[in-house]
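> Taken from TrEMBL, the feature active site, charge relay system applies to ASP161, HIS202, SER414. Under the heading domain 'Peptidase S8/S53', TrEMBL lists 154-449. Residues annotated as region 'Disordered' in TrEMBL: 309-330. The signal peptide annotation in TrEMBL covers 1-24.
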Amino acid sequence: MKNLRRKTLAAASAVTLGVGLAVAGGVAPAASAAGPDTTFLVLAPQGGKTDKAAARVAAAQGTVVASYHQIGVLVVRSTNPDFVTDVAGAGVDSVASTAGLGTALDEGETLEVSAAEAANTTADPTKEPLFSQQWDMPMIDVPQAHAVNAGRADVVVGVLDSGISSSHPDLASQIAKNKSTSCIGGVSDTTESAWNPTTSDHGTHVAGTIAAAVNGVGVTGVAPGVKVAAVKVVNDDGYIFPEAAVCGFMWAAEQGMRVTNNSYYIDPWELNCRNDARQRPVWKAIQRALRYSQSKGVLQVASAGNSNWDLAHKNTDTGSPNNGTPEERENLTNSCLVLPGEAPGVVTVSAVGPTGEKSYYSSYGQGVVDVTAPGGDTRFRTRGVSSTLTDGILSTTYNTTTKTNGWGYKQGTSMSSPHVAGVAALAVSAHPGMTSGQLSAFLGNTAEALPCPGGVYNPVPLIAAGPNAYDATCSGGKRNGFYGAGMVNAYNVVR
């Protein structure tokens, strides 16, 4: 999602290939001149075994680097330029190439906080040195929740992101290292250096919002009693490929995590259309992985995005694919979805600023947004009141150049989503028997309803884009397109 992205999408080199394949005979194809080493998702028929698909891969000069047999998905590499057509045959449902897809992470503007400000000796969460700057935590009643239940250590939240700094003083004790991994390339690598951040501290910031320790240093997380696991799905170029997301969902399921946070969209289509043959294989693979994860009790929480889109009324996408020349796709329907945010069973989160109103950038949509949470609004406060960077979300940071830890502000639905993931972790801690579906419903039932603003919502951005650049219209009643069921509430889920 554009919560991780630049407004102008960066281009990558390869072209997406995704086709539905008819069942054909098993004659081995002739060898072709070697092409670039390309990664593919190869899908067996739903409910089928991967044996025949793996045989077709070998015959088509491909190598299986990861097999998710539980869902019939293979991650394959091949230099055969004709791999997509050569692999067609019995046991193969569809295939999509994924190499070269992606959009660079947009770190945005970050205001760092000095280490001196972050030092203290208290263990009282409301007296953490930087708590007074965490306007977001009182907004969702985190102090009241901590007095009842700050989370259980056997509850693990998977942070599918750019890695987590294992040396950060607010996070070192909070990371479940035995459940952390890198999923870059679609293959799990549990080496600690592999899942630490290398080019982005986005995941470190997200992790702090979820579970920064109450230790007299820095900030507090929503659920400091739980653990977080780094599940690195963002590569060093800031790209998020489908095979990494599939690996992340499957890893979370097999490691017994109860919640994952997902602040990204899967490239190269910001809207992935199930009825488009190029995009359908990626949709199928992600959907299979999500369903499997949900069946294992994992609740996925995802951000709605930063495009100020009405996701309930999609019409035109002019920015996809982002790995080449964008196509102007018109007359889109709701079969075109942002993944993973709009996939069934995923809790989709919009963002509000310090005033409690929708952040200017936050996407929205009735029936799409489930709940809202603080995400910051740093260009201005809503209704045109001047703002500063401190109206963003303060959390843990890591400078990947100097290799130093710190604290700083960021904004986006990337920041609102981990608030909800943290509240979900508190809910599981207090009510451990809930299924992922029950947990999702519980978050909505305990949220504080927020009404739609009247008329066209226009926060009057003080930017060159113009006075109407962020117009949005809210629809619905108690449950509406801007805020879903309302603001999540940490105290309500534990009392």
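Numbering starts at 1 and runs along the chain as it is shown here.
Yeah, the Cβs are placed from backbone N, Cα and C, and that goes for glycine too.
Unlike curated entries, TrEMBL annotations are predicted automatically.
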> May I ask you to report the DSSP-based helix, strand or coil state of ASP161 (active site, charge relay system)?
strand
> Quick one: pull the CA-CA distance for ASP161 (active site, charge relay system) versus SER414 (active site, charge relay system), whole Å only.
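Their Cα atoms are separated by 10 Å.
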> Can you grab the distance from SER414 (active site, charge relay system) over to HIS202 (active site, charge relay system)? Cα atoms, rounded to a whole Å.
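Pair distance, Cα basis, whole Å: 9 Å.
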> Run through the Cβ atoms and count how many others sit within 10 Å of the one on HIS202 (active site, charge relay system).
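So the Cβ neighbour count for HIS202 (active site, charge relay system) comes to 29.
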